[in-house]
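Pulled from Swiss-Prot:
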- 1-23: signal peptide (SIGNAL)
- Gln24: pyrrolidone carboxylic acid (MOD_RES)
- Asn39: N-linked glycosylation site (CARBOHYD)
- Asn106: N-linked glycosylation site (CARBOHYD)
Amino acid sequence: MNATCCILALLLCLTQAISGCYCQGTLIEEIENLKKHFNSSSSDVGDGGELVLDIWRNWQKDGDIKIIESQIISFYFKLFDALKDNQAIQESIGTIEQDLLVHFFNSSEEKRDDFMKVMKIPVDDPQVQRKAVNELLGVMYRLSPKNSLRKRKRSRCCFGGGARPNKNNAASKTI
């Protein structure tokens, strides 16, 4: 289990580095601290392949990269929450969480708090389930593409209905 946790922390840094974030020296030092703590240099760490990077790469081709990134970040916050009582790595985890605040949440603690709030909603609570189903239509509406909701406006001049001549249409030119 310890090796898995270390690999997860390393993957977090790699995910952020690949997505264009600049890893400062202190962040790298903290990740090195986690690697030492979890003995991630052991040969069995790589068994079974990568944990999330293969999945993340598959989403690089789509424009919906933020969706998978938010799931990966959610995963790491759950991991960090599970490790919060470990005094030996508490400072390292705090540094990494601060870096996430800057790079993923655009330095907005309010966005991070909202993210954490949604992440911690208990899905097995019947009252939560009722509220979630009640709000589902509104959520689906907000997720729908905005472009399909708008009607295109057509310029009257292009179809002969306007008073202005259209320089691209020979029929609209006056003699």
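Placement of Cβ uses the backbone N, Cα and C atoms for every residue, glycine included.
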Once the chains shown are all counted, how many other Cβ atoms turn up within 10 Å of the Cβ of Asn39 (N-linked glycosylation site)?
12
Work out how many Å separate Asn39 (N-linked glycosylation site) and Asn106 (N-linked glycosylation site) at their Cα atoms, rounded off.
32
Packing count at Asn106 (N-linked glycosylation site) (other Cβ atoms within 10 Å of its Cβ):
9
